[in-house]
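Summarising the annotation, Swiss-Prot assigns topological domain 'Cytoplasmic' to 1-36, 89-107, 154-161, 221-242, 296-303, 349-381 and lists similarity to another entry as the type of evidence. Residues or ranges marked as region 'Disordered' by Swiss-Prot: 1-28. Swiss-Prot lists 1-12 with the feature compositional bias 'Basic and acidic residues'. The annotation transmembrane segment is assigned in Swiss-Prot to 37-57, 68-88, 108-126, 131-153, 162-184, 200-220, 243-263, 275-295, 304-324, 328-348 on the grounds of sequence analysis. Taken from Swiss-Prot, the feature topological domain 'Lumenal' covers 58-67, 127-130, 185-199, 264-274.
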């Protein structure tokens, strides 16, 4: 473009008495198109919270059956549903992930074993404990992961993070105390029903301790292995679920009772279709959690995502009070509140820690993939 042409662009011609100019067209501002639903941060956050609640409630519904004991079979059904769902999505061109590779499967197989340990112990803990207590105690996994990062990845724990850990421990103590007091007040101090309720709770706490250790080990190991395999979101989901199917199926056949009498107990005729449908929905919810987690990470900031992870504990705990008639006492509500505050304090502490300028190599805050985040959040439920 020449200089004369540029000057013409900024020149204003004065109208001549001998000539007339046509009126200039009225310039209207361009209308902005409304943002699509997939770019809406609020929709992503609500979908993420809803999928977390859906998975917790459906699992609790199946596991809270009086005689349900086919936990390996439940996990196998969930894995089959998940692999089927993402395979259909890949065939439809909605998502992409790597094709099965034997060498990659061998590298990832130990992670799948740890995943089985984490989910299996979690099912027994969720069976014996109420959803609010389970959610509160799940916070203790964060403490183990934090100190695991200190040992394995050279991480650090700030004073504010340490304060949030103290609140997490306090909320767990309050929840256990409230649970025990409710059992004693409901059934009497020395009654057989009270002793049975206490033994059930103690079994739940023991399974919860195993679950916290397994969860921390799984997540730390997966973080290390993802760096070696360079897996993306759906790669991790695909291999995690595909490799666990044969293990869970064999474990169910060898360990669990498949007699006709036990099948009748696990799937009573009047509830059989409902239980099977809920098992399938719980498998689909794992896909929903992974997708909505990745969606929330994409359309929100890391700060918002961290805060959503903390705030998500409250509706999950409340869902246990609403859907499963968990005891609503001063102690249980206080435990939920303290656990909720501890999550917020922890999220703020991590945001502040990550916002500090890094003067050394970034070995302390290597981000997890969205799939590992979604798996960790779904099991905090």
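Backbone N, Cα and C atoms are what each Cβ position is placed from, and that goes for glycine too.
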Go through the chain and flag residues at least 6 beyond the ends of the transmembrane segment (131-153) whose CB is under 8 A from any CB in it; none is fine as an answer.
56-57, 60, 125, 161, 165, 168-169, 171-172, 175-176, 179, 204-205, 208, 211-213, 215-217, 219-220, 223-224, 313, 316-321, 324, 326, 332, 335-336, 339, 342-343, 346, 363-364, 366, 379-381
Residue list, the transmembrane segment (162-184) vs rest of chain: Cβ under 8 Å, 6 or more residues beyond ends.
129-130, 132-133, 136-137, 139-140, 142-143, 146, 194, 197-198, 201, 205, 327, 329-332, 334-336, 338-339, 341-343, 345-346, 349
So which residues does the transmembrane segment (243-263) touch in its own chain, when a touch means Cβ under 8 Å and the partner is 6 or more beyond its ends?
67, 69-73, 75-76, 79-80, 83, 105, 108-109, 112-113, 115-116
Within the topological domain 'Cytoplasmic' (296-303) only, compute the mean pLDDT.
66
Stretch among 37-57, 68-88, 200-220, 328-348 sharing the most Cβ pairs under 8 Å with the transmembrane segment (108-126):
200-220
Within-chain partners of the transmembrane segment (68-88) [C-beta distance under 8 Å, separation at least 6 from its ends]:
59, 62, 95, 97, 116, 119-120, 123-124, 127, 234, 237-238, 241-242, 244-245, 248-249, 251-252, 255-257, 262, 265-266, 279-280, 282-284, 286-287
